[in-house]
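Trainee: First the structure, which I've put down as structure tokens, then a few questions once you've had a look.
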Number of protein chains: 2
Amino acid sequence: MTDTVDTIKAGDDEQVVQGIAVTFMATYDIVQRAKEIGANLIITHEPTYYNHEDKVGWLAEDAVFAAKKRLVDESGVTIFRFHDYCHRRVPDFILLGMLEALGWQEYSSKEQPKSPLFVTIPGMTLRDIANHVKESLGAPFVRVVGKDELVCRRIGLLSGYGGVGARAIPFFHNDDLDLVIAGEGPEWETPEYVRDAVAAGFAKGLIVVGHQKSEEAGMQSVANYLRDRFKDIPVSFLGGHQALRVM
Amino acid sequence: MTDTVDTIKAGDDEQVVQGIAVTFMATYDIVQRAKEIGANLIITHEPTYYNHEDKVGWLAEDAVFAAKKRLVDESGVTIFRFHDYCHRRVPDFILLGMLEALGWQEYSSKEQPKSPLFVTIPGMTLRDIANHVKESLGAPFVRVVGKDELVCRRIGLLSGYGGVGARAIPFFHNDDLDLVIAGEGPEWETPEYVRDAVAAGFAKGLIVVGHQKSEEAGMQSVANYLRDRFKDIPVSFLGGHQALRVM
């Protein structure tokens, strides 16, 4: 790929790797934890500096950016973003991790090569699926549109920002889905489509997991993959709380 | 404005207005309610068809779109979107409504002409502010980053999608804010900035209200404004639940 965000974001790309920390996002806390366990390579799925392309010019005068940059520089870690290739792999690392965490491997169609992942499960209510998603993905809460008692069979799994309308909405119709489970997306798009669908009498639902918990199991899969291939290098997965909590 | 989404989205722009229904979004339910009360003009802040520009080509085969379009056509309502001018007005209708609903008028700086609205309140904890926001804006939940006990004084109010990082993050630094209260935004941007800020020892917080409840009070203000100016036409504000609920 010539146009990719999968680049080195900080540190020396020539240093010998002593340990790898795989994570959803190289937050301030994660950089500290990587240093504590002796990992000098962080592989992060999401950006380090609060925008998709990790541009930093707009943050030049920002004290939080300065503090984080200082921590990163002083800790001596190299940060590599593994995002585009992670999703481009067949099967998509992130969706595979999500599927496995949900325990729905047997329900996925074998032929499909990539995102979204369609599964056809035995009938299960939206309420029960929401609880299963919370428990299996470690999400403290999910946001839901649809009736608690809606029985879902055909489900589309979309990680991260896959909840965006242009991506998620066509699947409901084209693939006759009962339910989409997505990371996040603008509130005026897919949630409002599903709200209208329900009001018009269609049996549809939406579960918005949150970005981190929709992708963290996938990064755990990446850690497992690396551990198998680099047996002499300690590989750790660093998970944790998501940023947003509900009040 | 030559480039604006503030256009007629459906119906006849020549029909005589019998009644006006002002709302956050012309959902299926809102169109039904407008018809029931005899309003043949809906003024909506957000789009009707699940994307900012109300493009419909991509929905041509979609059954939910077809059902909604049928309802709109049969109900005979005209739908006008009032978004860009609504925010461009000085003071911004939406932020003014939010400010009044919060009861913080006396704390806002008089000089500032437009978004974001900065307020300097007597010290109040993040927890207490979150509860106040929920109660005064009618939000069933908010999402929060920061410590419950954080004492906030300098606050930036950003409605709708103002939580996007490129918009919200610079205010923390440039305007020395303790807290941003916003409608929504991508999770990997402002929430992660505030999470890093807290981890690095800065006293910062974020409250994500949800898009609808951050703008609904503003549309109530629009309804009040129209009621004052068109005394012969019944003007109703139609509010309601937001699409997403927490489980």
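In case you wondered, yes, glycine gets a Cβ from its N, Cα and C as well.
Among the features that TrEMBL reports, divalent metal cation 1 binding site is placed at B:His45, B:Asp84, B:His211. Annotated divalent metal cation 2 binding site per TrEMBL: B:Glu215, in sequence order.
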Trainee: So which of these binding-site residues, B:His45, B:Asp84, B:His211, B:Glu215, get their C-beta under 8 angstroms from chain A?
Mentor: B:His211
Trainee: Of all the binding-site residues given, B:His45, B:His211, which residue's CB has the most CB neighbours within 10 A?
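Mentor: By the 10 Å Cβ neighbour count, B:His211 comes out on top.
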Trainee: Would you mind ranking the binding-site residues B:Asp84, B:Glu215 by how many other Cβ atoms sit within 10 Å of each Cβ and giving me the lowest?
Mentor: B:Asp84
Trainee: The residue listed as 'divalent metal cation 2 binding site' to B:His45 (divalent metal cation 1 binding site): how many Å between their Cα atoms?
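Mentor: Given the Cα positions, the residue listed as 'divalent metal cation 2 binding site' is 8 Å from B:His45 (divalent metal cation 1 binding site).
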